[in-house]
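Quick look at what TrEMBL annotates:
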- Glu55: active site, proton acceptor (ACT_SITE)
- Lys155: active site, proton donor (ACT_SITE)
- Cys188: active site, nucleophile (ACT_SITE)
- 15-282: domain 'CN hydrolase' (DOMAIN)
Amino acid sequence: YVAAVYEHESILSPNPTALVDRQTALELMGRNLDIYQQQVVAAAGQGAQIIVFPEDGIHGFNFTRSSIYPYLDFVLHSHSVKWNPCREPYLFNDTEVLQRLSCMALENKIFLVANLGTKQPCEHADPHCPSDGRYQFNTNVAFNDDGMLVATYRKHNLYFEYAFDSPPEPDYKLFDTPFAGRFGMFTCFDILFFEPAVSLIKQYNLKQIVYPTAWMNQLPLLSAVEFQQAFATAFNVNILAANIHHPTLGMTGSGIYTPVKSFIYHNMESYGGKLIVAEIPVITTDFETNLEKTPRRVSEKGNEQLLPLFYAEMMYDNFTFVPVWGEKGELQVCANTLCCYLNYQKAVVTDELYALGVFDGLHTVHGTYYVQACALVKCGGLSFSTCGQEVTDASALIGFQLWGNMSTSYIFPLLLTSSITLDFADHMGWKNNHYFISKNRTSSGLLTAALYGRWYEKD
């Protein structure tokens, strides 16, 4: 099928904490919706059957609970009401944004997914009801090609979003399409947690995901395109991921991903939005990952590795590292219960410093979640203290096998190359209670090759 995602440089309120009236809020959102409309027309013109827009793209961010209120549309989160906002605009008050989105879908005969702020009054008898008598949600809406509202999803894992409430229970939201079957949806930070993202995929055996996000890149392990790709690979799904474009805030990175191919956009240099349109296969069955190549065991004699262990902070976590010196070698490094092993051969030897790092513990900065990671990374400079820094360029071409005795089955294989481009592993999967990823030779300079494990039970 043909899918489209739009990385949007949103027009932001100059003062998001100021209190404005509904009309002023609608004017600002209308400017963003005008851009959406042009992109829907362009995507439909290229044959797209579905288009996805980013999180916060219509209203922006950095609001307070009260300052965002005029920007919120009313949405009934109920399955029982069938509603077409374009055809039935007068059914509910404060639905101007929904009406415009619905009409874009209807007029262009395209499925459309967008993110907006929504409100819902609640009774004080409801134990979860906020003191101001209303819920405010970060909401994805999906419209079919007739403009019908077919699904609403309220973001569960909020990322310092004080203007919004988390729904009392996680939403599992799906919609059906004639061209690719059933789609599920979740938003941004949700991708790192079991609920609802993993739960949704497993419960409904989903193969298609729409994913609005406003993601601030964090190298070396959590740049947007790197993790989106890893997620598609780990769960054998297609992901249509639309990010916001604000390079000054470190926000870029969108794409259309299949488990074996990606169409991505990552651009920290220029401004303006970017439409990606790609034809991708509908995934119908689980293909088996190729496990022929057994990782060779690091020899047990124990005298091969006389390399210094060192510690450095990476992604705010205290990693244990060993340097990756020389043209080739076999290394291991352990922390807690996790041991990571690396065989490597540098096809192009450079004077860059690489290191193999391990972390097995609770990550506690910008969210709390348990990580098991084995990571081969390029360091920022030539001293050990630079390992774990954000690096965007590399020239060493490396062939490697990386494996670890992971305690979780949820492992995201990361493979990031110079200038934030993606590469694909030759082989990956489980072998002898170890998860491995291997590559004969990277297509360009290696930035990160990692196994990023999420041990959800220990969150």
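In case you wondered, yes, glycine gets a Cβ from its N, Cα and C as well.
Automatic prediction, not curation, is the source of TrEMBL annotations.
Location within the structure of each feature annotated in TrEMBL.
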| residue | record | Cβ within 10 Å |
| --- | --- | --- |
| Glu55 | active site, proton acceptor | 28 |
| Lys155 | active site, proton donor | 26 |
| Cys188 | active site, nucleophile | 26 |
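With respect to their backbone Cα atoms, Cys188 (active site, nucleophile) and Glu55 (active site, proton acceptor) stand 7 Å from each other.
A Cα-Cα distance of 10 Å separates Lys155 (active site, proton donor) from Glu55 (active site, proton acceptor).
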